[in-house]
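**Q** A single structure is presented below for examination.
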Amino acid sequence: MIRLEGIQRRYVSDEVETTALHDIDLHVAAGEFLAIMGPSGCGKSTLLNTLGTVDRPTGGRYMFGDRDLAAMDEKQLARFRAETLGFVFQSFNLIDELTIEENVALGLAYRGDVGDRRGRVAAAMDKVGIAHRARHFPHQLSGGQQQRAAIARAIVGDPKLILADEPTGNLDTANGEQVMNILTGLNDAGATIVMVTHSPSHADLAKRRIDMLDGRIVASAMRAI
Amino acid sequence: MNRFALLSLYRSLVRHKLYAALNIGGLAVGIAVFLVLSLYVRFETGYEKWLPGYDKLYLTQEYWDMPGSPADGYSVSTMGGLIDQLREDFPDTVGTRFQETDANVVKGENATSEPFAYADSDLFEILRLPMIFGEAARALQAPDNVLINETIAKRYFPGSNPIGQTMTLTVLGKTANYRVAGIFRDLPPNTELRFSMLAKTPYPHPDKMWFHWGSSRAWTILRFETSQAAKSREAQLRGFVDRRAAKDQSTSVRNLSLKLTPIADIHLQSTPGRKMTAATLGIVGVLTLLIAIVNYVNLATARAGLRAREVAMRKVLGASRGVLVRQFLGEALLVALLAALGGLILAELGLPMINAAGGLKLSLDYAVVLPGLALLAMIVGGLAGLYPALLLSRFPAAAVLASSRSPGGGRVGARVREMLVVFQFALAIAFMIGTIVLVAQTRHVRKTDVGFRRDGLVIVSSTSDGAVTEPQLTAFMARAAALPGVRSVTTSDSSPGSSSLNSDSYAVAGKPEPGPSLQAIITSPNFYPTFGIKLIAGRLPDDSHRADDARNADDAARKIPNVVVNRKGAEALGFDSPEAAIGKTVGRSNPRTIIGVVENARFFSPRDPVNPTMYYYHSRFSTIPRTTLRVEGDPRETIAALRGIWRQIAPQVPFEAQTANQNMEEYYKADDRATRLFGIGAGLAVLIGCVGLWGLASFNTQRRVKEIGIRKTLGASATDIVKLLVGQFLRPVLMANLVAWPLAYVAMRTWLAGFDDRVSLSPLYFVAATALALTIAVLTVLGQSLKASRAAPAWALRHD
């Protein structure tokens with residue numbers, strides 16, 4: 001489904017040039033659950049952001065199915081994100097001024113006609129067990145609940161790909177387990193997931209794992225089933 | 001504030017240069033507008049307050065309750081002998097009088113006109129005008145002495161001492177030599193006293209109307225030690241008028257009363273609309289300052305929310321609450337002082353422009369301005385600094401540091417800020433509507449049909465000077481008529497810009513006595529064609545009907561003169577149509593037969609209603625003959641040619657001629673000036689509002705960077721983000737209309753009510769102002785919204 005060929009990402013500031021990604025080649029098949037591991041600053045999040053088109057590579061090719069994403073303009077990319085991707089962040093990134101329900105509905109806000117909006121929002125909240133908190137504001141919820149709400153927002157639009165950036169990084173063990181259960185459940189149901197994590201045990205729940213160091217993929221392993 | 005606090009303030013200002021410049025600049029502009037408009041209001045309300053003991057001086061005014069008559073309302077001058085009769089009836093009367101007129105200063109063959117007054121010899125006891133040379137009290141004892149001001153001294157005696165020298169003056173048609181006995185200081189610009197030369201009131205007075213009640217001859221000024229004394233004297237004046245005036249004014253004395261007006265109130269009271277203009281501009285100044293303060297405080301407190309983390313850190317490092325409060329207040333005061341200084345500089349820089357736009361001579365009085373500004377800076381600084389000082393320093397440091405959010409006031413803060421934007425824009429939109437209506441009205445009065453053709457009319461007022469003889473007038477008229485480009489010539493006692501105040505009441509069957517009052521205008525041949533006043537019924541007077549000439553009617557015992565009335569006159573006299581008035585005789589003791597009805601002609605201010613008017617006809621010249629010429633081509637050339645002729649015929653009388661448009665301009669000037677000042681104030685208020693909106697938009701956009709990032713990862717396009725951010729500000733601007741429209745409607749209706757000839761308050765003005773405000777608001781926030789919408793979402797997400 002996803003083919004990255006020679007992807008590069010360089011940041012240039014006034015005096016310093018930093019290379020975050022060196023010639024990354026990566027294939028992700030539909031239905032895969034890929035975990036990305038590596039020390040801080042190795043380029044995991046940059047790679048995830050690149051996959052999510054919220055960061056543009058400075059070199060290489062990014063094919064999503066038969067679409068060349070490098071050839072798309074901002075408007076087309078925004079549409080692509082709205083229709084194809086779901087994001088889950090370490091810091092949840094819920095909008096403080098909106099209720100949980102409104103935050104989840106935001107996942108459909110930029111998608112044109114999607115049919116029964118309310119029904120889909122309710123279903124997504126139900127799926128992650130947060131429906132009873134629909135009218136609350138983010139700050140009234142625990143971290144685990146906030147992350148589940150963020151997952152509901154990511155899946156409400158039935159995305160082809162879910163990108164999760166350290167989704168358990170801000171959670172305690174119990175809540176972390178819960179979130180991982182939701183993610184594996186989604187994967188079992190057919191969702192493609194790419195997840196950045198620091199936790200080896202959570203990485204083990206993925207079907208495949210790659211390790212990164214200094215902007216390069218240094219190891220790749222399939223989970224033994 | 002210690003050195004570090006100052007340093008961090010300086011760095012914060014430098015780091016956020018644009019924000020600092022706009023925020024401080026906005027407040028500075030507000031202060032400058034307030035300063036300049038306060039100067040204007042101070043000038044307008046300061047008339048005669050320069051006179052020592054002004055608060056004890058009262059002008060005796062006649063008040064005529066005669067709607068429809070030109071005499072209706074207050075008259076600053078009274079019958080000449082009023083003070084003599086007051087002294088007879090009230091021996092404790094303390095006061096003086098002077099009669100303002102023009103004097104022709106004759107030098108060799110030529111003469112120039114100067115403002116002059118005949119004054120009683122006790123004038124200087126009451127009006128303590130500062131003298132430069134001579135003893136005023138003694139100087140006004142001798143009838144052939146004259147006192148002159150500095151300007152006259154310099155103009156007529158350059159380089160020599162004027163004292164003891166002789167001046168030849170023609171006053172009220174009488175030429176005599178006067179000896180300069182003293183020099184007084186030039187009167188300041190804020191005075192209604194117009195004289196630059198003074199001589200003793202002749203006694204006994206040669207004017208046969210001097211003791212005639214109902215005539216307007218002299219300013220009568222009385223002095224009372226307390227306002228209570230003035231009030232009780234005013235109450236006694238009713239009986240005095242009934243007693244004294246009844247002899248002259250048998251019937252209309254009921255309409256006359258005498259009022260004592262504090263001399264400092266005369267200026268604002270004497271011209272309609274002046275008080276309202278001063279009040280309006282004062283309000284504009286205060287509101288603009290208020291907008292600027294709201295803006296400043298709003299932005300300062302919003303930004304302070306972003307410093308919660310810094311405050312918490314300082315507390316962790318050991319700063320006490322008192323230290324923090326002092327730091328915030330100190331910072332706010334310093335910045336407000338900077339803005340005040342900026343405002344002062346802007347006001348100084350702007351004053352020449354404002355003076356030019358408003359025809360004013362305003363200047364800053366630092367003894368008053370500096371302490372005022374310091375006080376203002378303290379108030380504004382206090383308001384801006386108090387919120388962060390008290391609120392932020394109260395937050396528990398650990399909670400602030402642990403939280404990922406800045407306590408910027410949250411939803412409540414956002415709502416308060418939105419309300420403040422509503423408030424600002426409500427005022428800004430109301431100002432815009434006001435400006436549009438003012439401009440529409442001032443344009444309207446220039447273009448409206450005034451009932452005569454105002455272009456191509458030249459008016460020579462010199463012909464009405466008492467010193468001009470009939471042969472001179474005849475010769476001038478004949479030569480003027482022969483000039484190329486002159487189509488017709490006429491004389492009348494009223495013309496655009498100056499009017500006879502004569503009026504008379506005409507008894508009409510079915511209406512209470514004394515009947516409607518009609519202004520009397522005396523005309524002569526060619527009056528109607530020269531002015532272009534249209535006949536709507538009957539005929540115009542001519543020499544073939546003997547009764548048309550009002551003077552013939554006077555000669556022939558009991559013969560009724562023929563007259564022409566205007567449309568309003570016919571209505572006032574109770575005729576259903578102009579045609580119905582033709583051939584009818586009105587008036588019981590003063591019968592007149594109407595032979596024609598003409599269209600209303602507005603010779604005066606668009607503020608005053610056109611009077612019901614009766615036109616009399618004199619077959620040679622009118623009395624007080626002001627000459628009017630209808631010319632083709634450039635009127636300036638005609639005036640130059642007329643001046644040449646005048647110098648040959650009557651060199652001892654100064655030549656004065658203007659176009660009708662120039663004379664009418666006098667009526668529009670004050671409103672034009674007010675419109676310009678209002679427009680400048682309103683424009684700057686809108687500008688300040690925009691600065692505030694820009695600042696808030698920038699603040700909000702910054703606060704929402706993370707949200708924008710989230711929305712973009714969820715697929716929001718740049719257009720969606722722009723719509724979101726711009727929409728957020730359109731709501732308060734749209735809500736502002738709910739306040740602005742009724743406010744502007746009431747204010748402008750009140751202002752327009754001061755005009756008899758006025759534009760209607762079209763909804764288009766309101767819609768236009770709203771559209772303009774929306775456009776300005778969108779343009780103000782669009783730039784930042786576009787920038788925010790284009791930022792890469794990954795950057796936005798990292799921003800938190």
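Cβ coordinates are placed from backbone N, Cα and C, and glycine is handled just like the others.
Because TrEMBL annotations are produced automatically, they should be read as predictions rather than curated entries.
So TrEMBL lists these for the protein:
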type	residues	note
TRANSMEM	B:20-41	transmembrane segment
DOMAIN	B:21-192	domain 'MacB-like periplasmic core'
TRANSMEM	B:278-297	transmembrane segment
DOMAIN	B:283-395	domain 'ABC3 transporter permease C-terminal'
TRANSMEM	B:332-354	transmembrane segment
TRANSMEM	B:366-387	transmembrane segment
TRANSMEM	B:419-440	transmembrane segment
DOMAIN	B:426-640	domain 'MacB-like periplasmic core'
REGION	B:488-509	region 'Disordered'
COMPBIAS	B:488-505	compositional bias 'Low complexity'
TRANSMEM	B:677-697	transmembrane segment
DOMAIN	B:681-792	domain 'ABC3 transporter permease C-terminal'
TRANSMEM	B:733-752	transmembrane segment
TRANSMEM	B:764-783	transmembrane segment
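Thinking about packing and proximity, how do these listed features fit into the structure?
**A** Outside the transmembrane segment (B:332-354) by six or more residues, the chain places 1, 9, 13, 24-25, 27-32, 34-36, 39, 296, 300, 360, 362-364, 369, 373-374, 376-378, 380-382, 384-386, 388-389, 677, 680 with a CB less than 8 A from a CB of the stretch.
Proximity of distant same-chain residues to the transmembrane segment (B:366-387), defined by a Cβ-Cβ separation under 8 Å and at least 6 residues beyond the stretch ends, is recorded for 27, 31, 35, 293, 296-297, 300-301, 304, 328-337, 339-341, 343-344.
Residues 66, 69-71, 216, 251-252, 452, 454, 457, 459, 461, 463-464, 477, 480-481, 515-527, 529-531, 573-574, 586-590, 592, 603-604, 611, 614, 621-630, 658, 660, 663-664, 666-667 of the same chain lie 6 or more positions beyond the ends of the region 'Disordered' (B:488-509) yet place their CB under 8 Å from a CB of it.
Mapped onto DSSP classes, the compositional bias 'Low complexity' (B:488-505) shows 0 helix, 10 strand, 8 coil.
Non-local neighbours of the transmembrane segment (B:677-697) in the same chain are 19, 22-23, 25-26, 29-30, 32-33, 37, 40, 280-281, 284-285, 287-288, 291-292, 294-295, 298-299, 302, 354, 357-358, 417, 421, 424-425, 427-428, 431-432, 434-435, 438-439, 725, 729, 773, 776-777, 780-781, 784-785; each lies 6+ residues outside the stretch with a CB under 8 Å from one of its CB atoms.
With a threshold of 8 Å between CB atoms, the same-chain residues lying at least 6 positions outside the transmembrane segment (B:764-783) that come near it are 425, 428-429, 432-433, 436-437, 440, 686, 690, 693-694, 697, 722, 725-726, 729-730, 733-734, 736-737, 740-741, 744-745.
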**Q** Could you tell me what the rest of the chain brings near the transmembrane segment (B:278-297), counting residues at least six beyond its ends with Cβ under 8 Å?
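**A** For the transmembrane segment (B:278-297), the nonlocal Cβ contacts are 23, 26-27, 29-31, 33-34, 36-38, 40-41, 44-45, 268, 336, 339, 380, 383-384, 387, 420, 423-424, 427-428, 431, 674, 677-678, 681-682, 684-685, 688-689, 691-692, 695, 747, 751.
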**Q** Do any residues of this chain, six or more beyond the ends of the transmembrane segment (B:20-41), have a C-beta under 8 angstroms from a C-beta of it, and if so which?
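**A** Result: 12-14, 278, 281-282, 284-286, 288-289, 291-293, 295-296, 299-300, 335-336, 338-347, 350-351, 354, 358, 360, 362-364, 369, 373, 376, 380, 677, 680-681, 684-685, 687-688, 691-692, 694-695.
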